[in-house]
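The active site, nucleophile feature in TrEMBL is assigned to E331. The UDP-N-acetyl-alpha-D-galactosamine binding site feature in TrEMBL is assigned to F150, A151, I152, Y155, D241, V242, D243. Feature annotation from TrEMBL assigns Mn(2+) binding site to D241, D243. The transmembrane segment annotation in TrEMBL covers 37-54.
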Amino acid sequence: MSYYRIDLVFRLIVAACRMNFVLNVGRRLLSKMRQCSRLRLLYGLCFLLLFIFICTPRRVAGGAGAYPSMHWARGRNTPWTGFQGKCHLPPSPKLKPVNHVDDSLDLGSRTDVKTCTTWGAPIMWDGMFDPDVYDKHHIKMGASVALTVFAIGRYLETYLMDFLSSADRHFMVGLPVTYYVFTDAPENVTGVNLKAGRTLETIMVKRHKRWQDISMMRMETIADAIQTRIRHRHRYVFCMDVDQVFVGRFGSEALGDSVALLHSSFYNTPQETYTYDRQPNSTAYMETGDFYYHAAVFGGTWQSVRNLTESCLRGIMTDKRNGVEALWHDESHLNKYFWLHKPSKVLSPEYCWNFLNGPSREIHVKRLLWAEKHYDILRS
């Protein structure tokens, strides 16, 4: 029997016990009311309040359910409370930040979601940070950011202009940014008007026959660009998919040594739903993990991103030699990497939200949205 069925049975037993208690109290109250008619109204009101009090589910501190379900993590049973509850790390030290500005985070400001990981990385949600504090810190430190994006084939004409124009309005405002556009048609990247402090470079890449190969081999391209260009100019790198649009601040609070993004389709679901690669003969194989990360956004210092892309590339090439392809291609390898090498900062789904998910009470601000997909045309 799964942990979720055990949890359901347990909840039903508790509910039955509560109801039995209420019925016993109710019988005594009815007996009293027959003896004294003037007390009927008072007893009736008391009975109603008691019924509400007994039958309403209680919450433990931090917002987690009183009887949390379970999941299998790291080979042992540990309580799973989804994203209910704030940071439960020991009082000191609470975080292990690479940027000391992360000490300014208010981890207790959001009691409806988890605000830190078990290894001391913050999970960034709206309301936890002061944007001005982060911006002033990174401006003082002279931070600059490289943003890599691939626009190959029809992805260029369909998505690139919206991606770049929205990034110019919302991405790392106040910091120097260089957009590195990898494309098979650099001559078509024209008409882009950028703000002061923003530059754009196009890098020619060849077009693969299969979109899966384009997705996987971007790891090699990014690693090469970091080695030959980016590391000489920028401390931080973010790598993003082009079929997205910025709609709100995506600021310096997202900078860190190694930055991963919670997938918006799995951030509040049980771990058994995560689509890890389950093929034992794949280098991306995972039985379990911490979270499910989205490859549409990842970043960090150039050293960390280079290590990630080179590691994923090694796994991809090993699988190719063995005739294996990971379930979700580069995303499967990225999840394996972050399982073995924990990110120092995790971005909430605010930083890449799928509009098809509909509204969510945990998402107070949307910063980056998936654009409408046209895979039947784009990948033909």
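Cβ coordinates are placed from backbone N, Cα and C, and glycine is handled just like the others.
Just so you know, TrEMBL annotations never went through curation; they're auto-generated.
Mapped onto this structure are the features recorded in TrEMBL.
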{"residue": "A151", "record": "UDP-N-acetyl-alpha-D-galactosamine binding site", "Cβ contacts under 8 Å, 6 or more apart": "Y159, L160, F163, V181, F182, T183, V189, V242"}
{"residue": "D241", "record": "UDP-N-acetyl-alpha-D-galactosamine binding site", "Cβ contacts under 8 Å, 6 or more apart": "V149, F150, A295, A296, V297"}
{"residue": "D243", "record": "UDP-N-acetyl-alpha-D-galactosamine binding site", "Cβ contacts under 8 Å, 6 or more apart": "Y155, T158, Y159, F163, W370, A371, K373"}
{"residue": "E331", "record": "active site, nucleophile", "Cβ contacts under 8 Å, 6 or more apart": "Y293, H294, A295"}
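Taking the centroid of the Cβ atoms of F150, A151, I152, Y155, D241, V242, D243 as the UDP-N-acetyl-alpha-D-galactosamine site, the other same-chain residues with Cβ within 8 Å of it are V149, L156, Y159, L160, F163. When secondary structure is read from DSSP and collapsed to three states, F150 (UDP-N-acetyl-alpha-D-galactosamine binding site) falls in the strand class.
Taken residue by residue with DSSP, Y155 (UDP-N-acetyl-alpha-D-galactosamine binding site) is part of a helix. As a whole number, the greatest separation of Cα atoms within the UDP-N-acetyl-alpha-D-galactosamine-binding residue list F150, A151, I152, Y155, D241, V242, D243 is 11 Å. When other Cβ atoms within 10 Å of the Cβ of I152 (UDP-N-acetyl-alpha-D-galactosamine binding site) are tallied across all protein chains shown, the result is 19.
Within the group of binding-site residues (F150, Y155), the Cβ with the highest number of other Cβ atoms inside 10 Å belongs to F150.
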